[in-house]
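Engineer: First the structure, then my questions, so here it is.
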Amino acid sequence: MARKSTTQRVVVSTIGAWFFGFLIFFPILWMVLASFKTELEAFAIPPSFLFFHWTTENYATVQERSDYLLHAMNSIIIAGGSTLIALLIAIPAAWSMAFSPTKRTKDILLWMLSTKMMPPVGVLVPIYLIYKSFGLLDSRIGLVFILCLGNLPIVIWMLFTYFKEIPRDILEAARMDGATIGRELVYVLTPMAIPGLASTMLLNLILAWNEAFWTLNLSTSNAAPLTTFIASYSSPEGLFWAKLSAASTLAIAPILVLGWFSQKQLVRGLTFGAVK
Amino acid sequence: MGQITLQGVQKSFGPVHIIKGADLEIADGSFVVFVGPSGCGKTTLLRLIAGLEDVTGGSILIDGKNVVDTPPAKRGLSMVFQSYALYPHMSVRGNIGFGLKMAGLSKDETNRKVEAAAATLNLTPYLDRKPRELSGGQRQRVAIGRAIVREPKAFLFDEPLSNLDAALRVQMRIEVTRLQKQLGTTAIYVTHDQVEAMTMADKIVVLNGGKIEQYGSPLELYERPANLFVAGFIGSPKMNFVTGENAAQKGAATIGVRPEHIKIERDGAGGWPGTIAVAEHLGSDTFLYVDAGPLGMLTARYIGELSLHAGDRVSLVPDPARIHRFDASGNALRN
Ligand SMILES: Nc1ncnc2c1ncn2[C@@H]1O[C@H](COP(=O)(O)OP(=O)(O)OP(=O)(O)O)[C@@H](O)[C@H]1O
Ligand SMILES: [Mg+2]
């Protein structure tokens, strides 16, 4: 009896999990399907799920009308560059706050987080004007800079929590074992911090890749990353569902692949500390 | 060699004075235990010796050389932490050998020494496991292995057994003592378990509120406590203290007598009369907690079984030769 009810529960929860998983995944699936339809079919009511005329012409048009590779390159540079710089600044910052905290450390952390509470649109005009006077509009370096600043608080917070997890005792044990600061860093701290560093880097890459507010407002063509590239398909002249879907599919593909291959690392990193 | 001398060692954390001038002479090869109530500064004093904290004043000499400005890595001491503090990403072999690697020993030599240490501690089958794949007792042994393999001038232990269960604790206590005698290396051992202190130590340091109350062999502390604090701290159950008229008769402000030095008489007229509040029968011992009216609660111990129960009236007769006398400021009076 008891056994039967547990198998029932397993079946029910499995079905439930698949159902919700599918529900969450559905918009992405729908977008991918739409990208293979003709514009007419993409609008059709009732929509056809699988039995439509499959075509790749949208992808051809998208590539023709705009330079996908240029935008993809911009996305890589902007996301990668801002992540790298953010890590370079955040590692020492989080390090010092985790290992030699002062009375003010908590306040500084809170203050940094509070900068994320302000809506970015509140500073759009001043930033736009500053960028204009410095000639940073539509430049990769400008976008790297603003995204780096935008994500820095989150990166520092994440690293801080990871570093805090490393017991002081272990560092002291290394010191007692005769390790100099440099060797302590190489042999003990870095190997212990790598999972945290990796997941912080991944999360930040994804955030920067998908960031749309600043990239849309501060870039037009030369430095425009994939977000701007997608947006260019929802133009006042009319909505092109199929082409918009094709562009979006192309835009999320790289980060989706990256996320897929690193999901183990990501999940481990995001639950580190919460689940031992 | 591992002779350690503390001269007027002081430590403050900001405005808080934690160690208030400690003087201590630890002979080479001896096993010294720091005991005291929680928060009295045992760990702090040990960390000062290790070099993990900087002294605020005074000097620490190892083999005659002042080391207050020497970093921990160069003091030649090794430490076993309460949390074990093993490197989680290294195997047992890597953990034990880390110090040797840092010292620049060759791979072969390191392996040889690591394997010898592992054999001493019965860790050979686990050499290639990670710490998370070991039991608490095994982790503890790895931490000890890491300490002995470097052949330090002294071992520093900070409550190394407090995370183990009672049976394992007794076993490890014996192993640590045996190992220390066999190696002949100086050891400083922090604990607040007084059985550990009494059984392991050549000499005990009793700390209270950042001050050394007494330094001596276990039996010295038991037989001749220097003051009320040490008298009450060493020995279990605690020493009974009596003030007032009974003490004045002996020319003291307070007199103390240990539970095992009290004779229990069923209805004697002499001594201190009272009613048994609680009787504990352990078979090997009987402990009586007696309400002695104006004298307060007194504890008496009888070796073996004594068929007395709560509510029975008894009379407690202290052994006159084993009464400790203290003056008004709590210091022991010697005859
Ligand atoms: N880094 C520090 N900053 C401020 N105060 C500290 C610091 N380390 C210890 N203390 C204080 O110093 C006192 C002694 O601490 P210590 O850890 O030496 O006690 P202990 O005797 O080892 O106690 P326990 O038996 O509980 O381990 C405590 O009151 C503690 O709050
Ligand atoms: Mg302590």
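Using N, Cα and C of the backbone, Cβ positions are placed for all residues, glycine too.
The transmembrane segment feature in TrEMBL is assigned to A:12-33, A:76-96, A:108-131, A:143-163, A:184-209, A:240-261. If you look up TrEMBL, you'll see A:72-262 marked as domain 'ABC transmembrane type-1'.
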Engineer: Residue list, the transmembrane segment (A:184-209) vs rest of chain: Cβ under 8 Å, 6 or more residues beyond ends.
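Structural biologist: Distant contacts of the transmembrane segment (A:184-209): 75, 78-80, 82-83, 86-87, 90-91, 147, 151, 154-155, 158-159, 161-163, 165-166, 170-171, 174-175, 225-226, 254-255, 258-259, 262, 265-266, 268-270, 272.
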Engineer: Would you kindly check A:12-33, A:108-131, A:143-163 and say which stretch has the most C-beta pairs under 8 angstroms to the transmembrane segment (A:240-261)?
Structural biologist: A:12-33
Engineer: Apart from its near flanks, which chain residues at least 6 from the ends of the transmembrane segment (A:143-163) lie with a Cβ under 8 angstroms of it?
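Structural biologist: For the transmembrane segment (A:143-163), the far contacts come to 74, 77-79, 81-83, 85-87, 89-91, 93-95, 97-99, 109, 112-113, 115-116, 120, 127, 136, 193, 195-197, 199-200, 203-204, 207-208, 211, 214-215, 218-219, 223, 225, 272-273.
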Engineer: For the transmembrane segment (A:76-96), find every same-chain residue at least 6 residues outside the stretch whose CB is under 8 Å from a CB in it, and list them.
Structural biologist: 140, 143-145, 147-148, 151-152, 155-156, 159-160, 162-163, 197, 200-201, 204-205, 208-209, 215, 223, 225, 254
